[in-house]
Amino acid sequence: MKAISKLKWMMPPSLSRHFSHTPIASRNVSNYSLSSLLDDFTRFCYQRDLPRAIRAMDAMQSHGLHADAVTYSELIKCCLSRRAVAEAKLVRNHIFSGGYYPKTFLVNTLLNMYVKFDLLEEAQAMFDQMPERNVVSWTVMISAYCKLKLNNKALEFMILMLRDGVRPNMFTYSSVLRACDSLVNVRQLHCGIIKVGLDSDVFVRSALIDIYAKWGELRCAVSVFNEMVTGDFVVWNSIIGAFAQNNDGDGALNLFKRMKRAGFEANQPTLTSVLRACTGLALLELGTQVHVHVLKYDRDLILNNALLDMYCKCGSLEDAKSLFNRMVERDVISWSTMIAGLAQNGYSREALELFESMKLSGTKPNYITFLGILFACSHAGLLEDGWSHFRSMRNVYGIDPGREHYGCMIDLLGRAGKLGEALRLIEEMECEPDAITWRPLLDACRIHRNMDVAEYAAKQVLNLDPEDAGTYILLSNIYANSQRWEDVAEVRKTMRERGVRKEPGCSWIEVNKQIHAFILGDSSHPQAVQINRQLNLLIYKLREVGYVPDTSFVLRDLEGEQKEDSIRYHSEKLAIAFGLMSLSRGKTIRIRKNLRICGDCHIFAKLTAKVEHCTIVIRDPIRYHHFQDGICSCGDYW
């Protein structure tokens, strides 16, 4: 980029002959009057009286007068605060009139003004013609490109800045780190930061933690955090957010406790991250405690949305509804969260009714809103409603359906037994189907025992994701249900050859603010003997009211009692037994599970809720099941 002569920079040709800093166009005005005019202009600028300041500026221009750079910066701030783009351009034209050459400080202020008004082309043109550029000039442009996600341009400017001999500061590095599109770039910048001694800066350290977390490099994020000599609130927030973002809820909560012990009070970003951690772990008790801290930020929309999400995903719909109804302000995230929460917890009709209320409120639905709506339709068998909302996405709201939306429709069609229509919809997809798109169809084949389509769908999934253990297990289950043991053996052989292992089922339950985990046939729990005794007694009671273990969900070629034993100690059954032992009567048993609940455990939970007069909530990766009085909120349509 070539710097042009100071004398010609940004000057209209007709004015290029004027070289003085403040030429006086008219000699008929007294010095007193000119001084008074400048004083008035300065006062109007500092008083943020934009109309009078502009009129005074016009009078000054007619007399060839210019004020000092600081006064102009105040006027530019006034234009920014009022989003007065037209007036801002008048200020810029005045500053460069009559041969006046502003200082770099003022040009940087104008540069920042263009960026804040999203006039990037004008900013770039001004930057290109600057005879002198300092660290502020470069940082303003790099930040602008980062904000617009033009990452390559931001990194390119960083390189040009270094070549120009300008040393980046903490604000430059804090901005450009966000533009890193690979770990290689992050590590190169990290080295540069250490080299210039900015690795101890709070904002640079925070930005490093954030970018390492974005790339899933928690170890590097912790390393940066541990280098902190003195505690700082911004850095604490970054590291807690890093763990929450990477679904390490335990780590986030432990860091939050450390932060509190170090004497720091939680603020909005802290609480948002802690709520995300509680949401991921389904820790309702702890989430409720965090709610107490949120009350001081009662009208904070971001916190209220995070709190709403936590209650929905912990299966506490009553708390979620109460919070939603009290919210003074709601945005599309609030509505979408509540709609999805109702749908995932089995209240599909209520979710669709809320969507109608959302439209009446004037809030326009977005991509995420329709995911909740289509999920509600697919998990309630509402085929006509599903098609109607799916078509309205593009036709009414101009939203192109994504893979997730197609996945919901394929699931809906598959559950309804319309496997041919589901296949045609996959073929008509504008985006390329991925493994997640095919899985609902494979699951529908298990329900409807369609072997041909199942084998075809499984092949598509495994072509896209050869290590998907769930697909091998599901295909094995389909073969086993049809007594095709040779095919079952072939599936297992393929799994062994490819080193694919089934993820063990695991269930978590919170008791007295502690998490207890169980896996299939678990004997590691300190109370394992009592838990097994409780479970056996419970099964005995359930048999008296008609419970018969459903061994069709056993994925192995076993006989009689062996089949029953293989499902007797499923992780959710152990968790339910422990919950009955440990929680006071009448308290809801809340369980989180890493795999989809099997049909036998579903029946078991329904009957347990009826016999023990309790409420059981099980959250699996797909949805939430509320068991009460022998009924599940999913209506057995799952």
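In case you wondered, yes, glycine gets a Cβ from its N, Cα and C as well.
TrEMBL annotations: computationally assigned, not manually curated.
Among the features that TrEMBL reports, domain 'DYW' is placed at 546-638. Here TrEMBL flags 134-168, 232-266, 300-330, 331-365, 468-502 as repeat 'PPR'.
Counting residues of the repeat 'PPR' (331-365) by DSSP class, helix then strand then coil, yields 27 helix, 0 strand, 8 coil. Within the chain, the repeat 'PPR' (331-365) has long-range Cβ neighbours (under 8 A, six or more residues past its boundaries) at 301, 304-305, 308-309, 311-313, 315, 317, 320-321, 324, 371-373, 375-377, 379-380, 382, 385, 397, 399, 623-626, 632-635. Among residues of the same chain six or more beyond the repeat 'PPR' (300-330), those with a C-beta under 8 A of the stretch's C-beta atoms are 268, 271-272, 275-276, 278-279, 282-284, 287-288, 290-291, 294, 337-338, 340-342, 344-345, 347, 361, 363, 590, 617, 619, 624, 626. Secondary structure by DSSP for the repeat 'PPR' (468-502): 27 helix, 0 strand, 8 coil.
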